[in-house]
Amino acid sequence: MFGLRKSPANLPKHNSVDLKSSKPNPFDSDDESDNKHTLNPSKRTTSEPSLADMTNPFGGERVQKGDSSSSKQSLFSNSKYQYKNNFRDSGGIENQSVQELEGYAVYKAEETTKSVQGCLKVAEDIRSDATRTLVMLHDQGEQITRTHHKAVEIDHDLSRGEKLLGSLGGMFSKTWKPKKTRPINGPVVTRDDSPTRRVNHLEKREKLGLNSAPRGQSRTREPLPESADAYQRVEMEKAKQDDGLSDLSDILGELKNMAVDMGSEIEKQNKGLDHLHDDVDELNFRVQQSNQRGRRLLGK
């Protein structure tokens, strides 16, 4: 009877795991036992800020600004790539939003302005080269003229020598006279209206600001405010394009006039060279005659 009575020690132990876990481990250190008695961070009240939510008071804003700037740059580069690609990777132009189309219009306007400015720069370089070429042509014409003047001086010296050769000989010798097929007239080209004067006149007018559009530098426009919309930015780019095209038209007109001057200068030089060639041939013929006369006199 007494053997069948259940003792409290034999009762089912439902909380044996909890009791075992609550017993201190003899192998645990004092620090670990103290940490077990501290509060669990997950059981803190919501009013207490967690360490993960705390931000650095000195560097938090800088990090956020850096993230925002990098994100803006990535968005800008992505949009610029889409603009260059004409939205081929995103469904085409017809499937874009109004904001994307406005940015696309501004991008195209800026690219057109850059193209116009590039053409203007090329035209200015061509004008500089044309100016130097025109001056070189003028110097070449001056050299031809000086050479022809030297031929005239040779003609005068040769005429005096021919007179001396004609007076030499004996009393009974035949009088010698040189044969002249044509007179030596000298340079025919007049250089009153030289290309250098026209070039210098053009440069002086440009420095004084008297030309209609001196290289596009006379026009200055106020920059747009940061709050300007896409329409205002496009209109600003269109105004820049108009100015650039006007300057380009003026430079092309100057290049046309320079080309005409070059053509007329080359034509004058060709005529001058023809006259110089004829005079040199005449001088060469007369020199040969004088040499023959001298050899005959020495042979006697």
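Note: Cβ is positioned from N, Cα and C throughout, glycine not excepted.
Per Swiss-Prot, region 'Disordered' is recorded for 1-76 (among others).
Residues or ranges marked as phosphoserine in Swiss-Prot: SER29.
The feature compositional bias 'Polar residues' is assigned by Swiss-Prot to 38-49.
Among the features that Swiss-Prot reports, region 'Disordered' is placed at 176-228 (among others).
Per Swiss-Prot, the feature compositional bias 'Basic and acidic residues' maps to 190-208.
Per-residue pLDDT, averaged across the domain 't-SNARE coiled-coil homology' (235-297), gives 93. The domain 't-SNARE coiled-coil homology' annotation in Swiss-Prot covers 235-297.
Per DSSP, the domain 't-SNARE coiled-coil homology' (235-297) is made up of 63 helix, 0 strand, 0 coil.
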